[in-house]
Amino acid sequence: MNKTKELLRIILFEKTWILILLLAIILRVVLLFLLPVGQTPDEIFVFKRVWSEAIHIEENSKYYSNNIYFYPPLYFLIAGLIIRVSGAIPSAFDQAFSFFYIHLRILSMTLSIASLFIIWKILEKIELNNNIRLAIFGFIALLPSFVSSSVSVNHNNLLLFFVFIFIYLAFTANYQLRDYKKAAILGFIAGLSLLTKMDAIVLLPSLLIYVALAKNKKGLFKFITIFLMFALIAGGWWYIWNFMHTGWFYPRDLAEASGIGFAKPFAFSNYLANVFLNTTFTFFAVYGVYNNIFIGLFAYQVFMAIFILSGIGIIIFLFKKALAIFKKAYLVHSLIFLMNLLIFLNFNLFYVFQPQGRYFFPSIIFISLGFVGGFSYWFKGKSLIFLPAFLIIALLFFNFWGIGCVTHYFYNVNFLPSIMGCLS
């Protein structure tokens with residue numbers, strides 16, 4: 001009888017993560033077609049570079065607010081190849097955009113779904129209660145802002161795909177410094193990440209963790225040399241080329257031009273509070289090209305309440321040393337989060353006001369481990385089985401709310417009850 005119950009439990013567990021993945025796919029497909037063309041952040045600017053490079057049109061000027069030309073080229077090469085093989089490319093931008101945006105949204109969604117699969121494989125390797133594991137996966141897969149970002153024409157989804165592959169390969173096996181094949185693969189993936197977006201720098205310090213966790217330090221120099229060599233071949237060359245030609249590792253003048261028109265740090269009162277609140281809100285749920293469509297205030301209050309409860313739970317766990325089960329996982333992911341945080345603070349404290357929650361998506365596993373792990377403290381004993389269901393149902397409800405706000409804002413169709421208002 002006990003064996004039968006255990007078998008049923010395992011089958012139910014296996015089916016639940018697949019169900020979460022299917023729900024995540026459905027939500028992404030809905031938003032892929034529901035969000036009008038150009039109505040996700042930076043979509044029009046990203047496509048402008050893809051289109052102009054695909055048909056070899058030289059811009060009169062690339063120095064404008066929100067320009068994307070200072071980023072590394074990998075995503076734009078891949079996206080350009082896709083639209084070239086999809087048919088004749090119109091010479092008129094608006095016509096090309098309205099025809100090809102759906103192709104590139106499908107690319108983003110495909111990368112996002114692949115990333116979710118890899119995230120699940122990462123979570124399987126972390127020593128966790130099965131209910132907590134399902135809750136973490138549900139939180140990541142169904143987080144409203146992550147869902148909407150997953151169908152946007154941008155390079156972020158390609159970056160995240162590489163980041164999660166790197167994490168899976170680096171930290172789900174024995175740490176052997178004489179595994180030179182792994183050094184080459186990790187270096188190559190790190191290089192591709194750097195050739196996608198500069199934010200991939202969050203991965204490089206994690207190499208130190210890999211080295212630190214290796215019991216036998218023989219082969220250390222060769223391992224690092226091979227890693228760096230393949231990282232250079234795959235993507236590092238772009239930064240060296242820029243440094244040799246411009247005196248910096250990326251086109252700094254284009255990067256500075258992209259921030260024209262944005263508020264400068266501390267340009268208004270309560271600046272740090274605004275950075276925190278805007279980042280938190282947009283990490284949870286936001287829609288629209290200007291991050292200007294929010295679900296009702298009550299939803300964010302619920303999220304903040306759970307956030308506070310999670311924080312209290314984490315503190316209690318720390319005092320009880322219960323987080324020892326996360327030892328290696330937290331060591332790896334916390335360093336990625338720390339680098340992510342430093343980049344974010346550097347940008348918002350010294351350059352321009354850009355408090356966007358999506359900038360923390362490379363650290364979404366760490367954030368979810370903390371958020372769900374801390375919140376799980378309040379589910380005692382057998383009640384822990386209800387944690388995944390609670391989070392999944394709550395997030396599905398907030399996604400439904402978000403879809404209602406999108407239809408109301410763009411199509412003047414309002415199927416939500418009056419109590420479920422929207423902010424914009």
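Each residue, glycine too, has its Cβ placed from N, Cα and C.
Annotated features, as they stand in TrEMBL:
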| type | residues | note |
| --- | --- | --- |
| DOMAIN | 103-233 | domain 'Glycosyltransferase RgtA/B/C/D-like' |
| TRANSMEM | 12-35 | transmembrane segment |
| TRANSMEM | 68-87 | transmembrane segment |
| TRANSMEM | 99-120 | transmembrane segment |
| TRANSMEM | 132-151 | transmembrane segment |
| TRANSMEM | 158-177 | transmembrane segment |
| TRANSMEM | 183-213 | transmembrane segment |
| TRANSMEM | 220-240 | transmembrane segment |
| TRANSMEM | 271-290 | transmembrane segment |
| TRANSMEM | 297-319 | transmembrane segment |
| TRANSMEM | 331-352 | transmembrane segment |
| TRANSMEM | 359-379 | transmembrane segment |
| TRANSMEM | 385-411 | transmembrane segment |
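Here the transmembrane segment (68-87) touches the transmembrane segment (183-213). Their Cβ atoms form 3 or more pairs under 8 Å, with each pair 6 or more residues apart.
Sorting each residue of the domain 'Glycosyltransferase RgtA/B/C/D-like' (103-233) by its DSSP state yields 101 helix, 0 strand, 30 coil. Touching of the transmembrane segment (331-352) and the transmembrane segment (359-379) is concluded from the presence of at least three CB pairs under 8 A, sequence neighbours closer than 6 excluded.
For the transmembrane segment (385-411), the neighbouring stretch richest in Cβ pairs under 8 Å, chosen from 99-120, 132-151, 158-177, 183-213, 359-379, is 132-151.
Between the transmembrane segment (158-177) and the stretches 132-151, 183-213, 359-379, it is 183-213 that has the most C-beta pairs under 8 angstroms. Contact count against the transmembrane segment (183-213) (Cβ pairs under 8 Å) is highest for 359-379, out of 99-120, 132-151, 359-379.
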